[in-house]
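Here is the structure we will look at.
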Amino acid sequence: MGLLSIIRKIKRKEKEMRILMVGLDNSGKTTIVLKINGEDTSVISPTLGFNIKTIKYQKYSLNIWDVGGQKTIRSYWRNYFEQTDGLVWVVDSSDVRRLDDCRAELHNLLKEERLAGASLLVFANKQDIQGALKPAEIAKVLDLAAMEKSRHWQIVGCSAATGDGLLQGFDWLVQDVASRIYVLD
Amino acid sequence: MPSGGAAGMEPEPDQPKAVAGGGRRKHLAMLERLSKHSSSSTTSTASALPDSTSASPVVAFLTRFAAAKLAAESALSACRASSSPEDEATASLAAAAAAIDDLDRLVAESSHALPPYELRSALAAAADLRAAHRAAASEIRPKKSFSFRNKSRAPKNPPQDPATVPPPQPPPPEQPKPSIDVILPGFGFRARNGATLVKDLRVSNDKDGDFTLADLVSCEVFLKGKCRALYVHKLRDCRVFVGAVIGSVLIEDVEGCTFVMAAHQIRIHEARATDFYLRVRSRPIIEDCSGVRFAPHALKYDGIDEDLKESGLEEETGNWANVDDFKWLRAVQSPNWCLVPEEERLQTVDISEIHEREHDS
């Protein structure tokens, strides 16, 4: 117990946040992380396993866990749930056919008690592609309104290719997490 | 009296000591030795000076612990009482958390000087308070993230979630489906049999769009120009030629097909007996596939060099052969895929003479 108090204190001092990025394969999770970190996004292989990035964002230090979305490795997502402050769910807005899968996986994930306190940011990615569904339509298909009362959530349209909307989304997430975790400051 | 009581408790730790093994036993033995040391040093003086706190760290601890415990308890009951103003409840919740933290620290600091029983009951009291605090926190603010230990919240959350989440699920599946055809009328070939399907994306305005091939049987598909993303679903015995995909290709459920294409990313799911002639910036991946083979890109038409260049695909990276099989995460070669032997490979296919016009069978 003494150790936990110490860890918690350290976490407060550095203003650290742990962000978990998940979503179906091909939704653009890794591209979003690299883009927001100002890295080259032209050669990205589908994620076999996971990537961790620590990014300074405003006065916070974000530990971003970007976990692969292929069906085979989705069952390993649960290994990353512990201590998650913010959850980012990435949607390929032009992949209309798999939106049902997308909703099922999301609601499955949100049942997880270890994520019960995490704020949820939904990125409706690939808005730069003609014919992509708009964030409002994605919100409807994913049935986000169902958790209106049980969770802080927000949907933001974005394009990992151009960078549009990424900062807007992370701004909301960081503010929302900060207002919960750092309530004492 | 307290120090005498502590001395009287000494035989008790012998029971867990006898049962417990290894490190725990050692630990308990050490605690016992320490407590014997401290209590024996106090018992002699305690009889003479029963009220002296300096004489007995145990008495001092018990006093301080009782005070800290009282503080935590009163903060907790305060936040239970102040039900209506959320800010107030939050504040007293935070105060309770701080008081419990103090309690933990106090126990940690004095643990070396405490008799085992005292230590255990103090830890148990702190744990009880922590649990009470958690319950109060979830009452006041269900979303508060105490991610360190919310396991005991299990009985609270699941009854809510299944009740609130599943019922609204059934209706939405119907809603998006009509929108597929409404929103993407011209962006793909769907449900055809034995057709030759040609699309020149350079002459249409669709170059920033995605393209879908779905439910095709025995078709030949020629896609010239560039698109942003390509989705392929349920193809049987088809031959597919695609110019350049600036983003990613997602292929699912194909059998007996041949694909020739260039793209930044390629994901292949549930493909059987299918050949892929690829140029790809990153490593292609397969999942749930069998009998798939890979070979280098082999496509030509007037203007393909410009299309590839403008898509950042002019360079041959050799990644067509660096396939990751998500169903075979081992060092040895996956049995699910191989390279097409050179003597069996397609010659470069020239589709310059094929123009946009659909020949239905």
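Using the three backbone atoms N, Cα and C, a Cβ is placed for every residue, glycine included.
What TrEMBL records for A:GLY23, A:LEU24, A:ASP25, A:ASN26, A:SER27, A:GLY28, A:LYS29, A:THR30, A:GLY69, A:ASN125, A:LYS126, A:GLN127, A:ASP128 is GTP binding site. Summarising the annotation, TrEMBL assigns Mg(2+) binding site to A:THR30, A:THR47.
A:SER27 (GTP binding site) is surrounded by 26 other CB atoms, counting those within 10 A of its CB over all protein chains shown. For the GTP site listed in the record, the two most distant Cα atoms among A:GLY23, A:LEU24, A:ASP25, A:ASN26, A:SER27, A:GLY28, A:LYS29, A:THR30, A:GLY69, A:ASN125, A:LYS126, A:GLN127, A:ASP128 lie 22 Å apart. A 10 Å cutoff on Cβ-Cβ distances gives A:GLY23 (GTP binding site) a total of 25 other Cβ atoms nearby, all chains included. For the pair formed by A:GLY23 (GTP binding site) and A:THR47 (Mg(2+) binding site), distance between Cα atoms is given as 12 Å, rounded to the nearest Å. When the Cα atoms are compared, A:LYS29 (GTP binding site) and A:THR47 (Mg(2+) binding site) turn out to be 9 Å apart. Proximity to chain B, defined as a C-beta distance under 8 Å, is registered for the following binding-site residues out of A:GLY23, A:ASP25, A:SER27, A:LYS29, A:THR30, A:LYS126: A:ASP25, A:LYS126. A straight line from the CA of A:THR30 (Mg(2+) binding site) to the CA of A:GLY69 (GTP binding site) spans 10 Å. In sequence order, A:LYS29, A:THR30, A:ASP66, A:VAL67, A:GLY68, A:GLY69, A:GLN70 constitute the residues six or more apart from A:THR47 (Mg(2+) binding site) in its chain with CB-CB distances below 8 Å. Using a 10 Å Cβ-Cβ cutoff, A:GLY69 (GTP binding site) registers 24 neighbours.
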